[in-house]
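The active site annotation in TrEMBL covers Asp85. Positions annotated as active site, proton acceptor by TrEMBL: Glu178. What TrEMBL lists as Zn(2+) 2 binding site is Asp144, Glu179, His385. Look at TrEMBL and you will find 211-314 tagged as domain 'Peptidase M20 dimerisation'.
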Amino acid sequence: MNEKVIKEKLVEYFLRYVAIPSQSNDRNLQVPSSDGQLALGKALAADLKKLDLEDISINQYGVVQARLPKRGDKTKKLGWVAHLDTVDVGLSDEIHPQIIKAYDGKDINLRRDVVFSTKDNPEVLSYIGDDIIFTDGSSVLGADNKAAIANIMTALWFLKENPDIDHAEIYIAFVPDEEIGLRGSRKIDFDKFKVDYAYTIDCCELGELIYETFNAASGTLKIKGVPAHPMSAKGNLVNPIMIAHDFIAMLDRAKMPENTENREGYVWVTDINSDVLNLSLELNIRNHSREKFEASKDYLYKITEIIKERYKKAEIEIEIKDVYANIADSMDEGNKIAVERLREIFDRLGIEPKIIPMRGGTDGSFLSTVGIFTPNYFTGAHNFHSNKEFLPISSLYKSFLVTLELMKDRDYI
Ligand SMILES: [Zn+2]
C-alpha cells in the first residue's frame, strides 16, 4: 500500500475526529466532563467495529475500550491509550482546520487576524514543501490528542486491509479528561486491559520519546485562625494569612517552577483563598526522583509541624495526595523491551530519537501507578495548547509507521 493512500487515510480520520468538539471542562467534576467527549467516543466505537475489533465497550465514564485478537504466533499483549479531550485554553471549542499544501516557508495568515509567523515559529521551516495542517486561528488544532487517535485507527485499518501481516494482541483505550488531571485513565477497566506494556502517542515533534515523567502530588494546607474585633485583637487575633506567610517563607525559592528545569523538582504554591478566619493554600509537588519527591513531601509535613508549634491557637492541617508517578518507575527487565523496540524502530525508519525527561505527566504516568509501563512517542505536531498548533503530514505518517511496526511486534535484532 502506498504512502499517499495511507496519508489520505490519516488525514481523513484526523479531520473526522477534530470535527467533533470535545474540550474537557475542569469546572465539572464528573467524568467525562463534557458531552462532546462522549459523542467522539461513540463515533470511535462505531469505527472500531468497522475495523473488526472485539469486546468494544464504552463505560459510564466515557472510556472506549476494544481488543484486536492477535494474528499469527505472536505472544505479546500491547496497549495503546489516547485521550478524547482537547484542552480548554479559552479558545473556540470548534475546530476548523486547514491544510496548506506544499508549504512555501512564508508567514501564513490563518484568518481571523491571526498570523502564523516564521519568526515566532522557526521550527516550521523544517517542513518546507510538506503538506501541513493548521488551525484557522480560532482554536487549538486538537492534534493533541486526535493525531494519536487517527494514527491508531489508521494502523488498525492497515492491519485489516493486509490480512497477511501478523500482529500482537492489541488493546485500545480512548480516555476522557486527560487535560484536566489525567482523570480518564483512572477509569480504564483494567480487567479488560491486561497488557504486557502500553504506549501513548501524546505530544510533540518528530522523534520525541518519553519514558521519564514527574512524580506528582497535590497538597492542601488548611488554617483556621482566631477572629477578633480590633478593639480586643491584641493577644487574641490569630490571622491565618500571616501563618500562611510563615509557611511560604519556609519554602525553598530555588526549588520553585520559575527557578527549575530539566530534572529539578519543585513545589509550586498555586492558589490561596482566605478570609479572616479560614485559609486554604494549594500546592503542586513534582520531582522525577522518587526519593527527592518523598523528601519534598516530608519537608512540607515538617514545616506544617513547625507552624503548628508556633501558632497553638490555630487549627492547621495539611493533606498531600499522590496524583501520578514517574513512568520510568514501572520499567523492569520484563517490559523494558517497550523502549528498546521504539529505539530499534526509530533507527530503522531513520528517526533521530529525542529523549526528554518530561516536566509533566501523561496518561502513562497514571498507568505507571498500576504497574503498566507506558512510554510515549511523538505525534509529530508542534505548539500544543495554542492556536498556532500545526501538524506536518509527513511527521504524522512517520508516527503511524512507528505504531504499525510496534503492533507487528517483530524482532529486529
Ligand atoms: Zn495530550
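In case you wondered, yes, glycine gets a Cβ from its N, Cα and C as well.
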All-chain count of other Cβ atoms within 10 Å of the residue listed as 'active site, proton acceptor': 26
Recorded positions near ligand 1 among Asp85, Asp144, His385 (Cβ under 6 Å): Asp144
Number of other Cβ atoms within 10 Å of the Cβ of Glu179 (Zn(2+) 2 binding site) across all protein chains: 23
Cβ neighbour count within 10 Å of His385 (Zn(2+) 2 binding site): 14
Cβ-centroid neighbourhood (8 Å) of the Zn(2+) 2 site, Asp144, Glu179, His385 excluded: Thr86, Val87, Val89, Val140, Asn145, Phe384
